């Protein structure tokens, strides 16, 4: 258990660093080569779109998804961490919607059709599913009127849907092509390399998050299940 927790925190620090680098890289890319930011329906407003989507739909969402895996939280009241989990996801959803507003407003100002690329289809489906997921989570897990049977039924669906949304978020970020949305990536060799490194960072962050989520040793146990975990550990030691 001790070694497992140490391993988790090492991977968790890596996850935090990768997430921070994703935000720094996407922000620097738009400042250095895209001209910066504005909110005036210009190309500079479009630059908010990748920053807000990477920050909200990938980094913030990924960290919210693994919140229950942090061993420190296992000894705390779960209700408190449910609120933190919901607040992080709501912040993620807000940034994602703001990112969509930025690109739709830009399209309107330049008379560009909306939702014509694969990137936009995947992205809008991801945000819609995310909205449905958050509302279901609010009703199912935070509402005092929610029946226990409904919570038990919803929990595996909620976990599966959460992972699916995260994978779709990664796919949306990586499906951007040169002609998907203006302004296109320039032929500047340094910029192209920088954008590629950003893509690699996003993939690395996603793999770390999915690795944490798929490791059963780091699942938060419900009351009465701790003895089962201890028995499993003792059996593994004896074998």
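Glycine is treated like the rest: Cβ placed from N, Cα and C.
Those TrEMBL annotations? Automatic predictions, nothing curated.
What TrEMBL says about this protein:
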TRANSMEM  7-31  transmembrane segment
DOMAIN    14-214  domain 'Cytochrome b561'
TRANSMEM  51-71  transmembrane segment
TRANSMEM  83-106  transmembrane segment
TRANSMEM  118-145  transmembrane segment
TRANSMEM  157-177  transmembrane segment
TRANSMEM  189-213  transmembrane segment
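Contact between the transmembrane segment (157-177) and the transmembrane segment (83-106) does not hold: fewer than three of their C-beta pairs are under 8 Å, each pair 6 or more apart in sequence.
Of the candidate ranges 7-31, 83-106, 118-145, 7-31 contributes the most Cβ pairs within a distance under 8 Å of the transmembrane segment (189-213).
Against the transmembrane segment (83-106), the recorded stretches 7-31, 51-71, 118-145 differ in Cβ pairs under 8 Å, and the greatest number is found for 51-71. Outside the transmembrane segment (7-31) by six or more residues, the chain places 37, 47, 50-51, 54-55, 58-59, 62-63, 66, 69-71, 191, 194-195, 197-198, 201-202, 204-205, 208-209, 211-212, 218 with a CB less than 8 A from a CB of the stretch. Same-chain residues lying 6 or more positions outside the transmembrane segment (118-145) and placing a CB less than 8 Å from one of its CB atoms are 53, 57, 61, 82-83, 86, 89-90, 92-93, 96-97, 100, 151, 154, 158, 161-162, 164-165, 168-169, 171-172, 175-177, 180-181.
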